[in-house]
């Protein structure tokens, strides 16, 4: 189907000629080719409008972005204890919903399956561990806390098959799909696909980030159903964050103080490269994504703002419903540029923490690092599979024998030979070394770990190009640099 010469459309927009602006051209393309159904069409066009606005007017005045005042931050340790009363706990949990963001694949680790299907500990996947956690709560307190999974078009079919194994388990599982938006050609500001979503043009589409959760939940009808069932609170986290578990003390505090929105933050470390920081802007708490920050401000922001957002969020369902009905939920835009078949494309995404500014009674909680253990790479997997943690009822339990401050975890940097999970497993054939007394590990080159290896302090292992380093069984490395070539063979 013929379309207008789109470079001219963009030029007209930039000159201020709104008779046929880029926004109108995009709407025309979306409708004419029936690329999106009406509900998603409306949400996509809102994002596209924000994108066009951002090209001429910055979303934030960086001179007004400030640190969060100490009085607006509560420490985890200060939480009052939930009464040790079975009836009170039953009543609280009976109002709870647990939601896991399950839209991502394990592509950073060379996987094509949903990340939730990757094995983590004791032959259990992320999904297995989540199910065990919720099932334990239900059994212990005699409640029915439902588990919700927000899937993307990339994970929905496989996840549905995986869920068959839990049919006889003591929990209710609901799934729903987040939106599916067309990628945008950067040079023309027009949709990459020429028609509706289909298997043959799947590469032209993308899931628009976890901020899409609210509209997708609402449009699925699940939000209304949950409220009708008497559910009042929803705990949201990424499915790969093994530290995000239900804490009754926090739930009790939220309920007792009519909190509408609660989010957790941790101290920013060098390992926290992908996510947001908590700030204040014009008197309101705001989560600023690091990918949103202009390059000239990035170093300043990283030094000044040290509260890293965990994406562990508690929301009052009725407050959320009211904002959605009144269309008062303003989700910030994050624009990502990609290259697909040498073509520059744009993805307009949103983040879940950005809605914090729209709620009235907000709680920002400084939580221990043990509540934020995301697995984005094999370096993260190396950490959670180590002796630093044990597993109980699907939860990771920190090892009390660690000689450092309880909230200090090692920095792990595994080289490119470890990136894909199959290569990673081949390089630790007997399991992850003992990291209990480790502070920092860097591995580069062709390195293989033997059985019962112990790493302490700062350890750097670098194999020369064309060489291999095989760490022998029962080796103890403490504050060591290992370089060159080391291979031990059976005689």
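Going from the start of the chain as shown, residues are counted 1 onward.
From the backbone N, Cα and C atoms, a Cβ is placed for every residue, glycine too.
According to TrEMBL, the feature UTP binding site maps to 115, 178, 209, 240, 376. According to TrEMBL, the feature substrate binding site maps to 210.
Sequence features, as recorded in TrEMBL, placed on the structure.
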residue	record	CB count, 10 Å
115	UTP binding site	23
178	UTP binding site	25
209	UTP binding site	25
210	substrate binding site	23
240	UTP binding site	23
376	UTP binding site	19
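Rounded to a whole number, the distance between the Cα atoms of residue 210 (substrate binding site) and residue 178 (UTP binding site) is 8 Å.
Largest Cα-Cα distance over the residues recorded as binding UTP, namely 115, 178, 209, 240, 376, equals 20 Å.
The distance from the Cα of residue 210 (substrate binding site) to the Cα of residue 240 (UTP binding site) comes to 13 Å.
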